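Participant: Here's the feature list from TrEMBL:
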- 53-245: domain 'Succinylglutamate desuccinylase/Aspartoacylase catalytic' (DOMAIN)
- His61, Glu64, His156: Zn(2+) binding site (BINDING)
- Glu220: active site (ACT_SITE)
- 259-329: domain 'AstE/AspA barrel-sandwich hybrid' (DOMAIN)
Amino acid sequence: MPFSPHADFLAATLAAAKTDFPASCTLTQLRMVWHGHGLLELVPHKLAAHADHILISAGIHGNETAPVEVLNTLLGDIIAGRLLLQARLLLVLGHPIALKSGERYIDFDMNRLFAGAHRQHPDAQEALRAAEIERTAALFFSTTPEGARRLHYDLHTAIRGSVFEKFAIVPFLHDKKQNDEQQAWLGGCGIEALLLHSAPAATFSYYTSHHCQADAFTLELGKARPFGENDLSRFAGIEEGLRRLLAAAKPRLAPCPLLFRAKYNLIKHSDAFRLNLDDKVENFTLLPDGMVIAEDGDTRYIAQGGHERILFPNPGVKPGLRAGIVIEPVAA
Ligand SMILES: [Zn+2]
């Protein structure tokens, strides 16, 4: 069945085959352009010269459904005229197939396949999709005029609990400066902690930060649950922040969240890798000084100073991949 612009974007994306989408359609206030399955650009007919150019993505991991619902609500309000879009907007539903089956991924974690890493895994279906999303993002930002803001928020939820429930990851910036205004905006959305990455990564936000010169963030917004089981009131902060941003309304700003920096990755080199943390350990848990965090054959990872914390521990990854990040506070 052909897609109607007034239909539910999420439901239609999950139900549709790739070919069901029109190239574009025109509504009273804006034009909608489909760049592919779950890849939708919205351009207001009257776009101010310095309007923001905003990419919002969700569902890069198929089991992380709440941000997808938030994004779908915002889109429904834009189409119904309840939210007056004053920005150029690209919406990305990352992995429709995994979203449909409720799995994080099918062949390979898609958020390890950006910035060209998809070429190393040509057999994974996520590699094709990551390449398609990269092309779409690059095309979107390639027409952003000089001086306009380029923003990207990649929305996620996590399986494990977290000492700080809502946190943001700033991809490695190379020579770029941290954006204080964006940090205050994130604080206003209820983000409690910010992690500064210290090396390039194959994540979507690193790609748009480095290759599209966007102010890009991976946002971790709470617990991952299946469709229908999300308490969307827990996502009200980010929804309100995005709503104001899209309408070019005055943002809520708050003091900069707590700052951490990635110190080193725990790399799983072999199947002998052992992580000495409880399966249920929360993100941002403090690591006591001297603790052996993990062992892998002759390699031992030892906590130093008592200020380090663990992020994204996952001993189940394939050998060669990151099984966790050791982070430390950035001195104020
Ligand atoms: Zn995720």
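Cβ coordinates are placed from backbone N, Cα and C, and glycine is handled just like the others.
Quick caveat, the model's predicted, so the values are computed rather than measured.
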Participant: Report the DSSP secondary-structure composition of the domain 'AstE/AspA barrel-sandwich hybrid' (259-329) as helix, strand and coil residue counts.
Facilitator: 0 helix, 34 strand, 37 coil
Participant: Cα distance, Glu220 (active site) to Glu64 (Zn(2+) binding site), nearest Å?
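Facilitator: The Cα atom of Glu64 (Zn(2+) binding site) is 10 Å away from the Cα atom of Glu220 (active site).
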Participant: Express the distance between the Cα positions of the residue listed as 'active site' and His156 (Zn(2+) binding site) as a whole number of Å.
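Facilitator: Spelling it out, the Cα of the residue listed as 'active site' and the Cα of His156 (Zn(2+) binding site) are 5 Å apart.
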Participant: Could you tell me the mean pLDDT the prediction assigns to the domain 'Succinylglutamate desuccinylase/Aspartoacylase catalytic' (53-245)?
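Facilitator: That stretch averages a pLDDT of 95.
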